[in-house]
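Trainee: Sharing a structure here in structure tokens format.
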Amino acid sequence: MAISILSCLRIFTLVMFVLEPNRVLGSRHFGFISYGDNGAGMCASTVATHGYKCQEFEVKTDDGYILSVQRIPQGRVGGGGQIRQPVLLQHGVLVDGATWLLSPPEQSLAMMLADNGFDVWISNTRGTRYSRRHVTLDARDSEYWNWSWDELIVHDLPSVIDFIFKQTGQKIHYVGHSMGTLIALASFSEGREIDKVKSAALLSPIAYLSHMTTALGEVAARAFVGEITTIFGLAEFNPKGGPVNKLLKFFCAQPGVNCYDLMTAITGKNCCLNSSTVEIFLNDEPQSTSTKNLVHLAQTVRDDILSKYDYGSNYNLEHYGETKPPKYNLGNIPRDLPLFLSYGGQDALSDSKDVETLLDYLKFHDVDKLHVQYIKNYAHADFVMATNANDLVYNQIISFFRNYA
């Protein structure tokens, strides 16, 4: 029997990893907030229950978005008095920071880092459930959703990194998954925040997408690049809303698209997921993003290049002063920035051939600063949810960070 459209959407999100305005003082940052004991906030719902201290912060971007940021300052055994190096965890598209907190403490990267002496920070990009406020705009306004991952590079990532740097006085280690790797790579290529980043670990790195091995992904990319905003009439891409369900039904009806095994079709065959962890994931996901953001990702698939958002020739002239959007040149990433890349042989989104293209741009990187891990049987979701990711990936990341203390 075919699975429901909403179930398809939820599994589709697993793949993609991917209110009232509140006036805030300060040019870029807000500060510490407390949600009390009423269960509100990610700390209370997913961190404190495991015995960890956790703090909730709000960070205001310079374009007015108010982002939720969580901090796990120490492990369960304490050690709060010692200096602990900060690590920022950045999720992908259509999910939020809870992605890093789905597994038990011994299998969760966030809690493993805390237990191994790091000061852990978790960001939530604009539009996700805890980051839906703005200084002047309401999330129900179409203007609130007028952004793509370009804006995450220019506004969200610098605001969060600057906030952590000012709170701790230290450079950060960075971990990104999927789109979290894309915004980091593009940011580093433009020299943004390099002076505040000590090293970066990139899981299922996304930069080039021309070799995606999924029929549904190709159909979706063509639709998003085409007339999707007309199809929806909505600036917010809400996976739980009716229009998106209708779109997925349309996708699933296309020749060569099999929605009976949608997760495998999109992510590749994940080897090591725990059914209970997946169930926890599906309780709250998928999250909203902007339709414009998905259009931008689709442009990357179509054009086989990494560039800023393509508005079309005339509007590109208005935005960029030229008819084509400027490219992100990953060859400009500082050669001495320590990088750890981990990718899987079964990943249908971050395909090995596309990762090889990325690595070609990094061919002049300092040899002792570029660490590459290939896991033959891993697919896209395995890097954040696999039962053995702690042994195969997370321990390697911890060792990598310690090498660049």
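The backbone N, Cα and C atoms fix where each Cβ goes, glycine too.
TrEMBL entries are annotated by machine, without manual review.
Heads up, here are the entries from TrEMBL:
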type     : residues : note
SIGNAL   : 1-26     : signal peptide
DOMAIN   : 46-103   : domain 'Partial AB-hydrolase lipase'
DOMAIN   : 108-219  : domain 'Serine aminopeptidase S33'
ACT_SITE : S178     : active site, nucleophile
ACT_SITE : D347     : active site, charge relay system
ACT_SITE : H380     : active site, charge relay system
Trainee: Under the DSSP assignment, what numbers of helix, strand and coil residues are found in the domain 'Serine aminopeptidase S33' (108-219)?
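Mentor: Tallied per class, the domain 'Serine aminopeptidase S33' (108-219) gives 50 helix, 20 strand, 42 coil.
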Trainee: Have a look around H380 (active site, charge relay system) and count the other CB atoms within 10 A of its CB, chains all included.
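Mentor: Neighbour count, Cβ to Cβ under the 10 Å cut-off: 30.
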Trainee: Taking the domain 'Serine aminopeptidase S33' (108-219) alone, what is its mean pLDDT?
Mentor: 93
Trainee: Rounded to a whole number, how many Å is the Cα of H380 (active site, charge relay system) away from the Cα of D347 (active site, charge relay system)?
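Mentor: That separation, Cα to Cα, works out to 5 Å.
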